[in-house]
Every structure is written in structure tokens, then in C-alpha cells.
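Peer 1: Sharing a structure with you now.
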Amino acid sequence: MKLRIGHGFDVHKFGGDKPLILGGVTVPYDTGLIAHSDGDVVLHAISDAILGAMALGDIGKHFPDTDDAFSGADSRVLLRHCYQLALNKHFQLGNLDVTVIAQAPKMAPHIEAIRQLLALDLNTDIDNINVKATTTEKLGFTGRKEGIAVEAVVLMQQAI
């Protein structure tokens, strides 16, 4: 069986009047994230990881922020498109591991809902999806509550 690993990383700054959407879930918070799309930093990192595993570039290549067609775009639609590209190359998700790096908001109440949506969008068992959160102990931009960073790692396996 052929395996491929992909790593994704994304950062967005807090601001604006959009709702805060993380992993497809609307998370109650004072502000959303500044972005051309809906700003779902979790789904952007995962999309990048999938594209990376497939050697297909990054989300900026597929959904440029210079294209008005993607203004306010639903990142779940973008994620499903990236996953379809992997399926077209006969690869499917083996597992996904996501780390949300944020001082705020607290992620624990939202992790299971995020896992459920990811399992649905990636057509996989929830046991193949892990989402965890950490802080930077008040260090750096995430520690100062200026934004959120996310890392994602995927293992893609050749579909049989």
C-alpha cells in the first residue's frame, strides 16, 4: 500500500465582524478571523496538508485571495474540493491530526463537534480524526490573543 504524509500550517489574525469558525463549527467569541474566505484556519491547514501529501501545491494556488470568487467562501467547500483532488489520484485519508494553537477561545467544548464535521467531510470514521489544542503560555501573537495558528498532519493511503 502506498502512503503519503502531508503537513499544513495556517495563521489568521483576529478582527472584523465575521463569526469565528473553526473546523466548520461556529465558536462563540468577541471577533472572527481576518481572511478573504470565511477564515476557518483549521480547515485551511487541513486543506494544505491534503494538497501537500498529493504534491498539488497549497490552498493559495487553488483558491487565490486575489480571486473574488472565493471572497467569503465556505472553507468546508474548499476542504471537500481538496479531498476530491486526492480521491481523483486514488488516495484516501488514513488519519488526520490537528493542533490548534490559541490562548483563546478555549477549544475543549468544541473539539468533538469539529471531529464529527471533519469525519463527515472527509468521509471517514471519527476514530481517524484527532483534534487537540494548546496555548503558547501567553507568548507570541497567539499568547497575546492576536490570532490563531493551526498545524495539521495527514496520512493519505492509496485507495484499494
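Note that Cβ sites are derived from N, Cα and C of the backbone, with glycine treated the same way.
Under the heading divalent metal cation binding site, Swiss-Prot lists Asp10, His12, His44. As annotated by Swiss-Prot, 4-CDP-2-C-methyl-D-erythritol 2-phosphate binding site applies to 10-12, 36-37, 58-60, 63-67, 102-108, 134-137, Phe141, Arg144. What Swiss-Prot records for His36, Thr135 is site 'Transition state stabilizer', and it gives sequence analysis as the kind of evidence.
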Peer 1: Sequence gap of 6 or more, Cβ distance under 8 Å: name the residues on the same chain that satisfy this around Pro105 (4-CDP-2-C-methyl-D-erythritol 2-phosphate binding site), in order along the sequence.
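Peer 2: Looking at Cβ-Cβ distances below 8 Å from Pro105 (4-CDP-2-C-methyl-D-erythritol 2-phosphate binding site), excluding near sequence neighbours, one finds Leu20, Val27, Pro28, Tyr29.
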Peer 1: Measure from the Cβ of His12 (divalent metal cation binding site) and count the other Cβ atoms within 10 Å, all protein chains considered.
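Peer 2: I get 19 for this one.
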Peer 1: Out of His12, Ser37, Phe63, Phe141, point to the one nearest Thr135 (site 'Transition state stabilizer') in space (Cα versus Cα); all of them are binding-site residues in the record.
Peer 2: Phe141
Peer 1: So how many other Cβ atoms are close to Asp10 (divalent metal cation binding site), meaning within 10 Å of its Cβ?
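Peer 2: Asp10 (divalent metal cation binding site): 24 neighbouring Cβ atoms within 10 Å.
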Peer 1: Round to the nearest Å and give the CA-to-CA distance linking Phe141 (4-CDP-2-C-methyl-D-erythritol 2-phosphate binding site) with Asp10 (divalent metal cation binding site).
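Peer 2: Asp10 (divalent metal cation binding site) has its Cα 13 Å from the Cα of Phe141 (4-CDP-2-C-methyl-D-erythritol 2-phosphate binding site).
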Peer 1: On a simple 10 Å Cβ count over all chains shown, which one of the recorded positions Ser37, Thr134, Thr135 is most densely packed?
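Peer 2: Of the recorded positions Ser37, Thr134, Thr135, the highest Cβ count within 10 Å belongs to Ser37.
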Peer 1: Look at each of the recorded positions, His36, Phe63, Asp67, Phe141, and point out the one with the fewest other Cβ atoms around it within 10 Å.
Peer 2: Asp67
Peer 1: Whole-number answer please: how many Å between the C-alpha atoms of His12 (divalent metal cation binding site) and His36 (site 'Transition state stabilizer')?
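Peer 2: Rounded to the nearest whole number, the Cα-Cα distance is 10 Å.
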